Amino acid sequence: MELNDFCIATIITALIILCETLSLLLHPGLELSRKRTNTIGSLGLKPHAWKPALWDLNTIDNMELKHLLGDLCMNPRHTRWIAPLLILGDAVLCALIIWRVPYTEIDWTTYMQQVSLYLSGERDYTLIKGSTGPLVYPAAHVYIYSILYYLTDEGRDILLAQILFAIPYLATLAVVMSCYRQAGAPPFLLLPLVLSKRLHSIFVLRLFNDGFAALAMWIAIFLFQKKKWTAGVVVWSTGVAIKMTLLLLAPAIAVVLVLSLSLQPSIQLGALAVLIQILLGIPFLSHNTAGYIARSFELTRQFMFKWTVNWRFVGEELFLSRKFSLALLALHIALLGLFATRVWLKPSGSKLPSFVQQLLQRRYRTVSLSRTFIMRTMLSSLAIGLLCARSLHYQFFAYLAWATPFLLWQTGFHPIVVYAVCMAQEWAWNIYPSTNGSSLVVILSLAVQVIGILWNANGRQIPENSPKEHVQ
């Protein structure tokens, strides 16, 4: 794929200069030096008197420069050193944001009030409340914020809390880039990962629990890419116990496990995931089982229209109607079925009925899944769930933002389209309060990702035995 001037327009100047310097230092420059020497000699000058400037770009042929930039943008080999530079730059950006941008109070005080009740001995979930409402997240959320409660002087040291939240942000970013590298993604996809205003806000300005859930999600994806099935299930289930949004990955995880391990081991890992939920919830389950399940995994929760980011353009009456809710549920199920038959089961070489029959008759032969396929399957399941969700709030961007560049790349779109959709999506999620136009863009950007993956069912595969650095 030719990037041409697109690379020049999208890669920041400092990164380009650094890349050129490293390329000139690390690649053999003898041929270029001979050409320069011959040119100088033809002008009657002494070769030793010529001292080329390191940054003199005029001495580099335009085609050579474009090739250099194209290689920088498209060759996964460069991810190894570009990613750490971007993470370092983002760490500086986080520090500047914490220093210069005021903290926004939304749920932090409520979280601290709820945790205070828990630490005081309350174990009935229905009685744990704060100033903005009852506790509606599973047990791991309570444990994490209990630690933060102690570290931040009962929630009063906001600056320290922001610094602590920068740690999971940068950790998640590092894991995300590792997942991209494992999948053989080109370096031009890395830049959008560090430029999201909304992501920085979710983590270090609003202190939402979605940051910890997103970290668990990406660690699980990384472990699945490494074929660490048990560890991946444990981390994913722990993430579900922080926020149940991670249940959107469950269909993809089931497919990946069954394809890789067959039916019985997959059922055992599913039981392990359930067991983790029980173990984490024991302090609350033992006091009020129904209350804990109803509050922490409330699937029938009625969302308020004024906070929705995605479906505002349909109007409040339709948004709140049961028919609309059922239609989205039907669409969700239909898309999962379509993806299972057309995309996710492709490695098995079987249609869905035949695949199920082989599993039940224990005749199914497991397959080795590529890291690219595993990541695409899990993130497409996430995108389907977000597209069909009746209400998305701003903090849900913590799950979507880092998935979008990879999904758009997997659709086969040109890099310009990838960047355009990322920019449109970022714009829409930064409009507050949401408008009919911004919510429409949110839905369209998700639809582009889902339909694009469905249309290009094979995606972009990187062979597992490839000699390239990124899969070693």
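Think of each number as a place in line: the chain as shown, counted from 1.
Every residue, even glycine, has its Cβ placed from backbone N, Cα and C.
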Shared topological domain relative to the membrane, Pro186 and Thr308, Swiss-Prot: no
Same-chain residue ranges lying at least 6 outside the transmembrane segment (437-457) that approach it to Cβ under 8 Å: 308-313, 335, 338-339, 342-343, 346, 376, 380, 383-384, 386-387, 392, 400, 404, 407-408, 410-413, 421, 424-425, 427-429, 431
Recorded stretch that, among 132-152, 158-178, 202-222, has the most CB pairs under 8 Å to the transmembrane segment (81-101): 158-178
Region pair the transmembrane segment (396-416) / the transmembrane segment (324-344), three or more CB pairs under 8 Å: no
Surrounding residues of the topological domain 'Cytoplasmic' (390-395) on its own chain - C-beta under 8 Å, 6+ positions past either end: 198, 201-202, 206, 208, 210, 303-304, 307-311, 319, 324-325, 328, 429, 432, 442
Contacting positions for the transmembrane segment (239-259) when only residues 6+ beyond its ends and CB under 8 Å are counted: 137-141, 144, 209-210, 212-213, 215-217, 220, 224, 229, 232-233, 265-266, 269-270, 273, 276-277, 280-281, 296-297, 336, 340, 344-345, 347-348, 359, 366-367, 369, 374, 377-378, 380-382, 384-386, 396, 399
For the topological domain 'Lumenal' (260-264), sequence-distant contacts whose Cβ falls under 8 Å of one of its Cβ atoms, 6 or more beyond its ends: 227, 229, 359-360, 362, 364, 366-369
Tertiary contacts of the topological domain 'Cytoplasmic' (223-238) (same chain, 6+ residues out, Cβ under 8 Å): 140, 179, 182-183, 216-217, 246, 249, 253, 256-257, 260-261, 265, 269-270, 272-274, 276-277, 280, 371, 374-375, 378
Contact between the transmembrane segment (372-389) and the transmembrane segment (202-222) (at least 3 Cβ pairs under 8 Å, separation 6+): yes
